[in-house]
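S.K.: As listed in TrEMBL for this protein:
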BINDING   Trp50, Lys265, Gly299, Arg388  substrate binding site
BINDING   Gly110, Ser111, Asp236, His300, Thr301  pyridoxal 5'-phosphate binding site
MOD_RES   Lys265  N6-(pyridoxal phosphate)lysine
Amino acid sequence: MSLQERDKKHLWHPLTQHKSHPNHIAITKAKGAVLYDEDGNEYIDGIASWYTCVYGHCNPYIIEKVTAQMQQLDHVVFTGFTHQPAVELSEKLIKILPENQEKLFFSDNGSTAIDVAIKMALQYHFNNGEKRGKIIALENGFHGDTFGAMSVSGLSVYNGPFEEFFIDVARIPVPNAENLEEVKALFTELITTHKVAAFVYEPLVQGAAAMQMHKAEHINEILKIAQQHQVVTIADEVMTGFGKTGKNFASEYITTKPDIICLSKALSAGMVPMAITSCSQKIYDAFYADDLKKGFFHGHTYSGNPVACSAAIAGIDLLLSDEMQANLQRIEAAHQKFNQEIQQHPKVAATRQQGQIFALDLNIEMERYGNLRDKLFHSFMSKGVCLRPLGNTIYILAPYITSDAQLQKIYQAIRETLDTL
Ligand SMILES: *Cc1c(COP(=O)(O)O)cnc(C)c1O
């Protein structure tokens, strides 16, 4: 029996209605930018497996570092103990994060990185003797599926059963040239009439909202107001981190630096799960006290796992290498050229690009998880390209080592698919 058939007996997949979507493609191996299935088909991973494997699947350098670490130290409790990979990672990561970031707190995935950030912000005010309970978030933001992260996500596609249990969140529209003054006024009003603890946002690109993009100078206006009112700013760089936007972090484009940054996905290069919530000295200092209960009593069993840390260290080494930086520029330029061409296509309503991220909107209305989306997905797969449209948006966020020929194959699959619509 095939893996696809055996899968059906006991497995329950994420974000899936199994009745309408019973089949899952069994991937047996991956190398570089390519996935291989159990029937011998090959697919270029045009979304880097949800923006994780950005240095290529089964990257030999990462495998070498992780293998060496596995033989040295697999895991140790991170409360009361520390180790070389965590120390080395902290030194390397702090060097490339925005300059105000000083401390790193480990967890396991993007959602927990956000939950940690929210708890940090709430306790920051609590420790300073203030009770602030409201969080402000951007409309259509996505921050994950645990309760805190789900609460601040504006993109609650199917969150109906949980909504009444959410933490207290208010939403503001994403600021742009037209609405900036309005959004600033709304934000200021919320802050002055409510006890607002934090503002959480995806800097420059809202990934799950179909790669919606906003300008650094507009979000900066909101961050300035937050700062004036001691509202803790939380940048969710789970998707945008590690080179995706053309710089190591999207926050580098924005003048006002966040108090807290959430990292995951490409952090550990798709090898093993890990997340980090980083923060400024000011946040950390509010927890540093003679009083035991002012400490941050949050922890996950696998916090700071040495193997995951070694994957993250190897990932940063690769990101900063001349070879990878040249790849980033090469792919950005290729996307720009494709953008010029495809925006003329009669089925394309709009296109946008930020660094490695390219997106186009079809001028066809469709449901986020509807039939046309499935048709697009299957069309790409039949052409040997894995792209997962979000609603009527087709986007590319390929591994940085994707070759020119592989990029052309992705573009051609999009052209051919658009022609069939
Ligand atoms: C994927 C994502 C998350 C959630 O991360 P998980 O590891 O899936 O829990 C949070 N924020 C953003 C911006 C993301 O893209």
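A Cβ is built for glycine as well, from the same backbone N, Cα and C atoms used for every other residue.
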S.K.: Where the distance is taken from Cα to Cα, which of the binding-site residues Trp50, Lys265, Gly299 turns out closest to Ser111 (pyridoxal 5'-phosphate binding site)?
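M.R.: Comparing Cα positions, the candidate nearest Ser111 (pyridoxal 5'-phosphate binding site) turns out to be Lys265.
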S.K.: Can you tell me how far the Cα of Gly110 (pyridoxal 5'-phosphate binding site) sits from the Cα of Trp50 (substrate binding site), in Å?
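M.R.: Answer for this pair: 12 Å between alpha carbons.
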S.K.: Please work out the number of neighbouring Cβ atoms within 10 Å of the Cβ of Gly110 (pyridoxal 5'-phosphate binding site), leaving out its own Cβ.
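M.R.: I get 28 for this one.
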S.K.: Within a 10 Å radius around the Cβ, which one of these binding-site residues has the most neighbouring Cβ atoms: Lys265, His300, Arg388?
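M.R.: When each Cβ's neighbours within 10 Å are tallied, Lys265 tops the list.
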S.K.: Under a three-state reduction of DSSP output, how is Asp236 (pyridoxal 5'-phosphate binding site) classified: helix, strand, or coil?
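M.R.: In three-state terms, Asp236 (pyridoxal 5'-phosphate binding site) counts as strand.
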S.K.: Given the binding-site residues Trp50, Lys265, Gly299, state which is nearest to Asp236 (pyridoxal 5'-phosphate binding site) when distance is taken between Cα atoms.
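M.R.: Closest by Cα distance to Asp236 (pyridoxal 5'-phosphate binding site) among the binding-site residues Trp50, Lys265, Gly299: Lys265.
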S.K.: Express the distance between the Cα positions of His300 (pyridoxal 5'-phosphate binding site) and Lys265 (substrate binding site) as a whole number of Å.
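M.R.: Pair distance, Cα basis, whole Å: 17 Å.
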